Amino acid sequence: MPAVRILILAACCCWLLLLPVRCCGPGRGPVGGRRRYMRRLVPLLYKQFVPNVPEKTLGASGKSEGKIRRGSERFIKLVPNYNPDIIFKDEENTGADRLMTERCKDRVNALAISVMNMWPGLKLRVTEGWDEDGHHAHDSLHYEGRALDITTSDRDRNKYGMLARLAVEAGFDWVYYESKAHIHVSVNTDNSLGVRSGGCFPGTAMVMMETGKKKPLSELKLGDTVFTTDETGLLIHSVVLLFLHRDPYKTATFVLIEAEGHPTKLLVTPNHLLFIKSSSSTGFQPTFAYRVQIGDLIQIYVNGTQVQSSKVVRVSVDEQTGVYAPMTEHGTLLVDGVLTSCYATVESHTLAHASLAPLRLFQGIASMLPDLHTSDGVHWYCHILYVLAKYVLWWDMP
């Protein structure tokens, strides 16, 4: 039997390698490979920051861990960036501006490609990177190699709003149109759980059962039938197949979303997918929760047989213990009365749903692997998908 299991898993892994390629075609390589979807890029406004939370919260770049001093144990974890497509100002002539964390290096290299694609002939310019001279506030992320100040090589300030938007798309954890002279960007720590975690809801979040009663996610079980919607917005039943992530003891930061005329607040982790209609989109699109802005539309259930649109009136952050990510057979569900995707990390509901097809089609495989589908933590299958996407297919994952 162990040999049979290994063969089955190997066959599934081979299929998984083909799924994303078949759906999206070839990528651009290890850097800048984030899949782009058909939506208009809207420049940031002066003094706007994304996500709409303070920089040093867990929903953005996280807390400061203290200054990194040259020669210290933490200093050796900073890596130099010699990307020829980036101009480093380096006014100190020490090479300090080239030093940054691995995550920061990945993001800025991705941004450099986007800049050249957006404005042929121009390059990204870094005016400030790691700071060892004490020129910033005492808890600045510049002291940790996690923050950069950037411009375009032509220093055209009319481009800075779009440069900030490109930085958001490149995966920086916090982007701020801070000054007329530059854009400020920063990232979370390389070892942060917030960087590697997917998307979930708190255990107190409620789903509506087929009986009409509500049940908290902490009590939801495999095989339960909950409400979701079809393509037209009509309510339908959907069976809970498994938990993509379940950890009752993990503390996480959630995006808190309040909608007009909806009594319940939705709490969801930043990289979870919601169906959002913004001013720049023609319909409801799968969107990371951290991108939600006041004025965007979400789909809520109040009563009757279908969902309705409601305007987002407040976005904030909250920290709670317990994370749950159930997956239904339809890939969607109503959580606290809001229509949500079951998926996270990849900003394509269709692709995520297709990639998890083997779990829906071959439940017998999971039954041959005792406890793997019921244990706490990230589901083993999702972990395989993440590793394949990030390290084999070279996808740019958050």
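Cβ atoms here come from the backbone N, Cα and C positions, even for glycine.
Taken verbatim from Swiss-Prot:
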{"type": "BINDING", "residues": "E91, E92, D97, T127, E128", "note": "Ca(2+) 1 binding site"}
{"type": "BINDING", "residues": "E92, E128, D131, D133", "note": "Ca(2+) 2 binding site"}
{"type": "BINDING", "residues": "H142, D149, H184", "note": "Zn(2+) binding site"}
{"type": "LIPID", "residues": "C24", "note": "N-palmitoyl cysteine"}
{"type": "LIPID", "residues": "G199", "note": "cholesterol glycine ester"}
{"type": "SIGNAL", "residues": "1-23", "note": "signal peptide"}
Quick one: Cα separation, D149 (Zn(2+) binding site) versus T127 (Ca(2+) 1 binding site), in Å? 6
Calculate the distance in Å between the alpha carbons (Cα) of D97 (Ca(2+) 1 binding site) and D131 (Ca(2+) 2 binding site), and round it to a whole number. 7
One should report the C-alpha separation between E92 (Ca(2+) 1 binding site) and D133 (Ca(2+) 2 binding site), rounded to whole angstrom, as 10
Least Cβ-packed of the binding-site residues E92, E128, D131 (other Cβ atoms within 10 Å) is E92
Integer Cα-Cα distance in angstrom, D133 (Ca(2+) 2 binding site) to E91 (Ca(2+) 1 binding site): 12
Please name which of the binding-site residues listed here, E91, T127, E128, D131, is nearest in space to H142 (Zn(2+) binding site), Cα against Cα. D131
Neighbouring CB atoms within 10 angstroms of the CB of D97 (Ca(2+) 1 binding site), all protein chains considered, total 23
When DSSP states are folded down to helix, strand and coil, where does T127 (Ca(2+) 1 binding site) land? strand
Collapsed DSSP category at H184 (Zn(2+) binding site): strand
Near H184 (Zn(2+) binding site), which of the binding-site residues E91, E128, D131 can be found within 10 Å, Cα to Cα? E128
Long-range same-chain neighbours of E91 (Ca(2+) 1 binding site), Cβ under 8 Å, sequence gap at least 6? none
Shell of the Ca(2+) 1 site beyond E91, E92, D97, T127, E128, same chain only (C-beta within 8 angstroms of their C-beta centre): F88, K89, D90, A96, V126, G129
